[in-house]
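K.L.:
Pasting a structure below so you can have a look.
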Amino acid sequence: MNLRDNLRRLLVRFYARRVEGHLDHDQVPKHIGVIMDGNRRWAKAAGSTTAQGHRAGADKIEEFLGWCSETDVGVVTLWLLSTDNFDRPQEELGPLLGIIEGVVRTLAADGRWRVHHVGTPDILPSQMQNALKEAEETTAHVDGILVNVAIGYGGRQEIADAVRSMLLDAHEKGTSIPDLADAVDVDLIGKHLYTGAQPDPDLVIRTSGEQRLSGFMLWQTAHSEYYFCEVFWPAFRKVDFLRALRDYAARHRRYGN
């Protein structure tokens, strides 16, 4: 590393400390959703393999959660694997599933995070299902950030699953269709989402410069603020995170008004 690179790093750290020093913790989002995009493009730019890109992205997660802890964020939802990702070639999907399983086990073993799976478990390999179940059980009483790991997740599928869950629940209780129709409202459907009684995301961050949600938490993000960052996920820095928080704090949330 040359002198110019060292100087640049020092300036970035100084700037990050300055931004953090001006943050009002009362204005920090309580729930942040993250679309971690750009692993493959980062790998291509770095001359690395796709698997190495996914590994670099996985390695960024604990660092990111550490930043969230430092700024008093309470809930983080990480989109690790969408339902559409299962259409990728097996030579990419296989290693990716292994990397994601490793992330789940690492988060559980860390002891700082409470892990909760959001997604359709039935489409996941049995080994992944077991890892998620074990992670939820072993971290259930952890007093730390609630980390939703969105694996095998699709926004439309979540809503379909919520409606199915609501219908099955009504059937088990002997509720008639007319009575259920009278009872259905947004709160009832919300209780059957993967996130249940959790607060909706205040802020959604998407890396890599793409400006779309791709179906991420369609129901819960109705009033969320969005922050699109040009940086690929493996290269996402603390200063990028702090800029997102600063941008969020400067906005006036209208909640549809």
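Just so you know, glycine gets a Cβ as well, placed from its N, Cα and C.
Heads up, here are the entries from Swiss-Prot:
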- Asp37: active site (ACT_SITE)
- Asn85: active site, proton acceptor (ACT_SITE)
- Asp37, Glu225: Mg(2+) binding site (BINDING)
- 38-42, His54, 82-84, Phe86, Arg88, Arg206, 212-214: substrate binding site (BINDING)
K.L.:
Within 10 Å of the Cβ of Asp84 (substrate binding site), how many other Cβ atoms are there?
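P.N.:
Looking across every protein chain shown, the total is 11.
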K.L.:
For the recorded positions Ser82, Asn85, Ser214, work out the Cβ neighbour count at 10 Å and name the residue with the minimum.
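P.N.:
The recorded positions Ser82, Asn85, Ser214 were compared, and Ser214 has the fewest Cβ atoms within 10 Å.
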K.L.:
Among the recorded positions listed here, Asp37, Glu225, whose Cβ has the fewest other Cβ atoms inside 10 Å?
P.N.:
Glu225
K.L.:
Return the count of C-beta atoms lying within 10 angstroms of the C-beta of Arg212 (substrate binding site), excluding that atom itself.
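P.N.:
A 10 Å sphere around the Cβ of Arg212 (substrate binding site) contains 11 other Cβ atoms.
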K.L.:
Other than its own, how many Cβ atoms are within 10 Å of the Cβ belonging to Trp42 (substrate binding site)?
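P.N.:
Around Trp42 (substrate binding site), other Cβ atoms within 10 Å: 23.
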K.L.:
Per 10 Å Cβ neighbour count, which of the binding-site residues Arg40, Arg88 ranks highest?
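P.N.:
Most Cβ neighbours within 10 Å: Arg40.
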K.L.:
Tell me the Cα distance separating Asp37 (active site) from Ser214 (substrate binding site), rounded to the nearest angstrom.
P.N.:
11
K.L.:
Please report the number of other Cβ atoms within 10 Å of the Cβ of Gly38 (substrate binding site).
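P.N.:
Other Cβ atoms found within 10 Å: 24.
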